[in-house]
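J.: Encoded as structure tokens, here's the structure I'll be asking about.
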Amino acid sequence: MTREPLHDGWTVGPKLGPFEAPADGAGPRLVVLPHDALRDLPRSADEVQGVHSGYTPGGAFEYSRELEVPPSWRERTVRLEFEGVYRDAVVFLNGEVVVHESNGYAGFSAVLDPYLRFGEVNRLTVEARAHRDSRWYSGAGIYRPVHLEVTDPVHIPVHGVTVTTPDIDEERAVVAVAATVRNSTRHTRETRVAWTVTGPTGEIVASGGCPVTVLPGTDAVARARLIVDEPLRWHPDHPHLYALQTTVTDAAGGALDEDSTTFGIRTVQVDPRNGLRINGRPLKLRGACVHHDNGPLGAATFDDAEDRRVRLLKEAGFNALRSAHNPMSRAMLDACDRHGLVVMDELADAWTRSKAPHDATITFPERWERDVAGLVAKDRNHPSVIMYSIGNEILELGTPIGSTWSRRLAERVRDLDHTRFVTNGINGIIANLPRMAEAREQVEDANTMMANMGDQMGLMNASPLVSASIEESAAVLDVVGFNYADSRYRQDAVDHPDRVIVGSETFPARIDVMWGLVEELPHVIGDFTWTGWDYLGEAGIGRVDYTDEPGYEPTGTAGPYPYRLAESGDLDITGYRRTISYYREIVYGLRVEPYIAVHRPQHHGRPTATTPWSWTDTVSTWSWDAAHGAPVTVDVYADADEVELLLDGESLGVAPVGAEKAFLARFETEFHPGELIAVARRAGHETGRHVVRTAGTPRLQAHADRDEVAVGGLAFVAITLADDAGITVADRDVRVEVQVSGPGVLAGLGSGRARTEESFGASAYTTYDGRLLAVIRVDGPGEVVVTASADGYEIARTAVRGI
Ligand code: GAL
């Protein structure tokens, strides 16, 4: 078989009717996949999708490409494997419809055989559309990879090889492998399937095989229980991976097909007394909810971008990801396997009751079995995946019929994969929206309830009405996921002693409280914050507003135009760790040193408005263009009793940790350039210190995160305004022009600034707190040179080599 990415040679344009012509300049243009057709469209305050898409319009698009079909393919099976097209994709070959997939996050195959014209140039067309169908920025088009596969008619179908490890001890592991062989010829075929297992260090550790006779037009499943001696187990702390190579040969030994998949050897257990255990060792989940988009790349899914996200999230202290609220990309699953993060992969944000006027609920009742099968088939060989979530904040969940949907979905997942746990992100309020007034009456302390939306959610989520309405849907799960319902954790242990809980979604700023509960309560296995990595759309959900800003009007959680990003991630869309990320690391007990976060002196004393998803408007810097002596608030995060702040060796005072908030000491002081040191102490002894210094003269700098990039891969170039010691200046932002020469292109340029009219597709963008990220796609071998220029600065240069 041959399997190649089919990423070149495509055009994309608007999907038009037969008698329509594109507007001037809007006709088809050449693109390389993966591609997001929405990212560069003009945004506007009047856009009907509004805050949901970050004021980005939707549209209908047509991708097209020639496909040369040699006469030899007459004897082959030809299929395209799409990892995801958003949305309502229709694939045509030579004008004939091949397949329709309405789910924008599901992988699917298009078998081209019936429509191929041999010895000719064929035309492949893929339609995609996105309009008012999502609560967040979805992107549109062929945003995930596509593979062209040409196989023998006797072959392994997509996802045709599975591996489980049902029986493991120190001495050996049983690796149960299964391979499906499909015979699409008219004759019975005698084949042989063979397996080899390669260990983490590259040597072959097990092998096996058997003859398989496959009747015409049928599939046959070959199985073996291979033995791996002294297995090296997969665990987040040491994610050892094994590789399984499967080959199918004909009776004479001629190659027919092959497959390779990685897997891990590990056990997963869960119960309310011991919580979650992997290989018998307890593990509390330090989880992050993540969306599918890739910031400046829009929704386009590149292996290198997904790998980088996973790596940086792990470095920031997370050991678990929840794919909110759709199946995770293959690249991200691979990265979680490699880097050691466990995954809660999610089916959908809605089942039959819609959350957006044109969303995927329209076809859910006829599609759900395929969606579940696709999710499980994609995930089942990944050791990182430990839980399937069947939904998020499902509107009908609290009704009897909604509960039958819960049961149906959970049971189907189990039929297909009994080796993992089933969960669901339950929000009792969302599940009872029409009855919330009633629930409110049941909550004792109405004043507290009204204090802010965060408390209100917690109290109502614990109301008797919610408890009763969700009981059936919760009972079908192995692990009950609660969104914003830590108010239930203690009582549920009494009312439902068999219930295991995970905080499937929680307010970021409450991690101090959340983590205390997770550590204390054995039946609570972890916490997933909203969110780990900032995302496009749901614009401004986590922003901090200055309410004395001229023209300010309260808009609740919705950020007004031109907000584009949610501004709620621990890491911003460029992968830069916001201050909350360090707070969390300290709360988790992973960082001993304190951490300095400074409130912007230019906004000192101004009144603010926040949402339950906000943190503070702080930066870890002591480089401000503020007047000497300007008042400034300094927060120091620390796991300590007290913190002393010193400027150039002189004490600015000592503040207790926890007076305003746990793990936080706050200082009111003055800005003077120099060296600011926070010294944390417990019982009088220093536990650690953090230093920030005022930058010297800043230069424009460009640094690539790697020297060499495989062709088709990405390099991430950090562009900063920093002095020679690498200290970044926060408030001298400039517009930077980026140019790329050699075999590469600028695939995306952006900053962490949530409110902007700038475009990720442009060659210039303004730094945010002195930082910008340029993403370079390398299209061929050779040197790719990236230059950055800005008024008043010398040009910065960096290079990577395509290999
Ligand atoms: C939750 C929802 C998330 C996101 C978040 C912040 O209720 O599950 O998808 O919308 O609120 O707005």
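Placement of Cβ uses the backbone N, Cα and C atoms for every residue, glycine included.
Positions annotated as domain 'Glycosyl hydrolases family 2 sugar binding' by TrEMBL: 60-148. If you look up TrEMBL, you'll see 163-266 marked as domain 'Glycoside hydrolase family 2 immunoglobulin-like beta-sandwich'. The domain 'Glycoside hydrolase family 2 catalytic' annotation in TrEMBL covers 276-433. What TrEMBL records for 629-687 is domain 'DUF4982'. According to TrEMBL, the domain 'Glycoside hydrolase family 2' annotation covers 700-795.
Give me the structural setting of these features: burial, nearby parts and distances.
T.: As a summary of secondary structure, the domain 'Glycosyl hydrolases family 2 sugar binding' (60-148) carries 8 helix, 47 strand, 34 coil according to DSSP.
Mapped onto DSSP classes, the domain 'Glycoside hydrolase family 2 immunoglobulin-like beta-sandwich' (163-266) shows 0 helix, 73 strand, 31 coil.
Broken down by DSSP into helix, strand and coil, the domain 'Glycoside hydrolase family 2' (700-795) contains 0 helix, 52 strand, 44 coil.
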J.: List the helix, strand and coil residue totals of the domain 'DUF4982' (629-687) as derived from DSSP.
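T.: Helix/strand/coil tally for the domain 'DUF4982' (629-687): 0 helix, 41 strand, 18 coil.
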